[in-house]
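Asker: Structure provided below as structure tokens; questions to follow.
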Amino acid sequence: MATAYHNLSDYDYESVPCGKDLRIGIAVAEWNHNITEPLMKGAIDTLLEHGVSADNIIVQHVPGTFELTYASAYLAEQHEVDAVIAIGCVVRGDTPHFDYICQGVTQGITQLNIDGFVPVIFGVLTTETMLQAEERAGGKHGNKGTEAAVTALKMAGLERI
């Protein structure tokens, strides 16, 4: 979580396993694309930096954050990936829609992690304002996509222990 004391893009480089032989899926919501595209770029750049081949990064765009659960399951089952990163952004509005979407995608991704054998990483920003999202998509709090990619590499490495 980004706070005044922690930047999402700060991590111990040496603690991240090499991704040379890994295949990573990335499910990306198109909604709030001005946020999700920089998140995706942060994830891809980090994966490449840690040895994942560009050919082994499979990106699937979906209309919105709610669809990330389905896309993540699809990537895990159809593309034989070692981990999936779900990237989305939900900003609170004037209706309860925010709560329904956040709860649905959180429960969906949790269920995929319980039922499946491919780790699905929660790279979804749930913010009160667009400014908060921007600050976590490459702004002053770093990039949640970078954090999600590091988590994916570490979780994919669990299978190799």
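The backbone N, Cα and C atoms fix where each Cβ goes, glycine too.
Quick paste from Swiss-Prot:
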BINDING   TRP31, THR65, PHE66, GLU67, CYS89, VAL90, VAL91, PHE122  5-amino-6-(D-ribitylamino)uracil binding site
BINDING   ASP94, THR95, ARG136  (2S)-2-hydroxy-3-oxobutyl phosphate binding site
ACT_SITE  HIS97  active site, proton donor
Asker: Grab the 5-amino-6-(D-ribitylamino)uracil binding residues from the record (TRP31, THR65, PHE66, GLU67, CYS89, VAL90, VAL91, PHE122) and give me their largest CA-CA distance in Å.
Answerer: 16
Asker: Please report the number of other Cβ atoms within 10 Å of the Cβ of CYS89 (5-amino-6-(D-ribitylamino)uracil binding site).
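Answerer: That number is 27.
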Asker: Where the distance is taken from Cα to Cα, which of the recorded positions THR95, HIS97, ARG136 turns out closest to CYS89 (5-amino-6-(D-ribitylamino)uracil binding site)?
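Answerer: Answer for the nearest of the recorded positions: ARG136.
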Asker: Fewest other C-beta atoms within 10 angstroms of its own C-beta: which of the binding-site residues VAL90, VAL91 fits that?
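Answerer: Each of the binding-site residues VAL90, VAL91 was scored; lowest Cβ tally within 10 Å is VAL91.
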Asker: Could you tell me the maximum Cα-Cα distance in Å between the residues recorded as binding (2S)-2-hydroxy-3-oxobutyl phosphate, namely ASP94, THR95, ARG136, rounded to a whole number?
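Answerer: Taking every pair of listed residues, the largest Cα separation comes to 23 Å.
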Asker: Do me a favour and check the Cα-Cα span between VAL91 (5-amino-6-(D-ribitylamino)uracil binding site) and HIS97 (active site, proton donor); whole Å is fine.
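Answerer: Cα of VAL91 (5-amino-6-(D-ribitylamino)uracil binding site) to Cα of HIS97 (active site, proton donor) measures 10 Å after rounding.
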Asker: Taking the recorded positions one at a time (HIS97, ARG136), which has its Cβ surrounded by the most other Cβ atoms within 10 Å?
Answerer: ARG136
Asker: Indicate the candidate from GLU67, ASP94 with the smallest number of other Cβ atoms within 10 Å of its Cβ, considering only these binding-site residues.
Answerer: ASP94
Asker: Determine, to the nearest whole angstrom, how far the Cα atom of TRP31 (5-amino-6-(D-ribitylamino)uracil binding site) is from the Cα atom of HIS97 (active site, proton donor).
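Answerer: Between the Cα atoms of TRP31 (5-amino-6-(D-ribitylamino)uracil binding site) and HIS97 (active site, proton donor), the distance comes to 14 Å.
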